[in-house]
Amino acid sequence: MGGGGQQTDRIADTNGRFGTYTWEEVQKHTKSGDQWIVVERKVYNVSQWVKRHPGGLRIIGHYAGEDATDAFNAFHPNLQLVRKYMKPLLIGELEASEPSQDRQKNGALVEDFRALRERLEAEGCFKTQPLFFILHLGHILLLEAIALMMVWYFGTGWINTAIVAVILATAQSQAGWLQHDFGHLSVFKNSRWDHLLHKFVIGYLKGASACWWNHRHFQHHAKPNILKKDPDVNLLNAFVVGKVQPVEYGIKKIKNLPYNHQHKYFFFIGPPLLIPVYFQFQIFHNMIAHGLWVDLVWCISYYVRYFLCYTQFYGVLWAVLLFNIVRFMESHWFVWVTQMSHIPMDIDYEKHQDWLSMQLVATCNIEQSYFNDWFSGHLNFQIEHHLFPMMPRHNYWRAAPRVRALCDKYGVKYQEKSLYEAFADIVRYDAHLKSLAPKYSYVTTLTNNFIICCGWGQFGPDSVFRQLEIQVNLFTFS
């Protein structure tokens, strides 16, 4: 774990005790190379240690200057062990007069949420049913075997190949949900087994990297739908999303793509290309650039297995084509399931909300059914999953009524939709992208006119944004 960050001149007072700090002091330490976090009122200097953090340096950086208690509890299965390794990083605690929560967060809500977590733990909601995951892995391996036997027995005709492609895409999608379970350390008591099985499923069964997934996905959970912090809404300048980003891009005159036409190309370069193109390139680039050689070996083992099995029937060219067709179908499955609970929700910059409120504005649930549970890997309980990422997914339904009651108590909106409505929201979001086109064009034109009259030099980009804000608010779209 490492020996901690560099100490400051206020670590101890004249009596040799650790120092005490105000929230104002803590919030000054938010930049790279100078980062403090607060966990259970204790102040930690993680400035240098972030580079050694097993979950990646960015996830801690996202909480610099904040109370990270709920994120700390959400991501670490053995809290006592982690606290032991955090001792060298401890530099003090909050002053007695300071509240436990920063930035005017609702202390009663935060405490009630933590009490709910303790009750769910006491009721066994964090205990795993091993048979559930054994059967899930078994049905993935069975699908893989059926696909190969169908090619061996029925040949490589078009109809049979189409059926085989659907079966393989189903196996890949279900393996995606299973690796997600292991990645969140929600299966075994000993996290080492979770890590090992995670590498097996995501590497050998799917041809991807566990470290790459951890780095991306934990950031998403830590700060969902928050621009510049959640990689899932970092769309490589291909799209502008939410209500704020189109205005920002218009003011800054960012024109990497014709955003006023993004509603026309969303379904052509979004769902179909995310896995077979973007993720495929990013995974190999990440493994090589960061020296993730163990992950690379696991990943290569998948490709060796696949081509040994299918080139003997299809030849290299057609086996490659089949591989990409499977990835194409899996990509649609993945995007529609994961984004139906996120993209239609609020997307904005950091607002420093409490854990419950932050997750609820960025996620929604889909009605429970046996099909929805299987089809989405239980991500139809996206709210419960985001609040308790280490909870085994077969227990989400037990936590849901308690979470809803807590939300009702504090007026936090708890959204649940049918699967049809959720998919319709993705289609409606395409219409939302269309509605952003005139806003983007309007803001760009307004900005140009403002600059011509006043110039950047007098105000600067941030001031221009404030000067234009009242004008932009007059130009609204549903």
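Backbone N, Cα and C atoms are what each Cβ position is placed from, and that goes for glycine too.
TrEMBL labels come from automatic prediction, so no person has curated them.
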Worksheet entry | Correct range for transmembrane segment (source TrEMBL, candidates 132-150, 151-169, 265-283) | 265-283
Worksheet item: Counting only residues 6+ away from its ends, which parts of the chain sit with a Cβ under 8 Å from the transmembrane segment (265-283)?
Response: 208-209, 212, 236, 238-239, 257, 299, 324, 327-328, 330-332, 334-336, 430, 433
Practice prompt. Quick one: average pLDDT across the domain 'Cytochrome b5 heme-binding' (18-95), no decimals.
Written response: 92
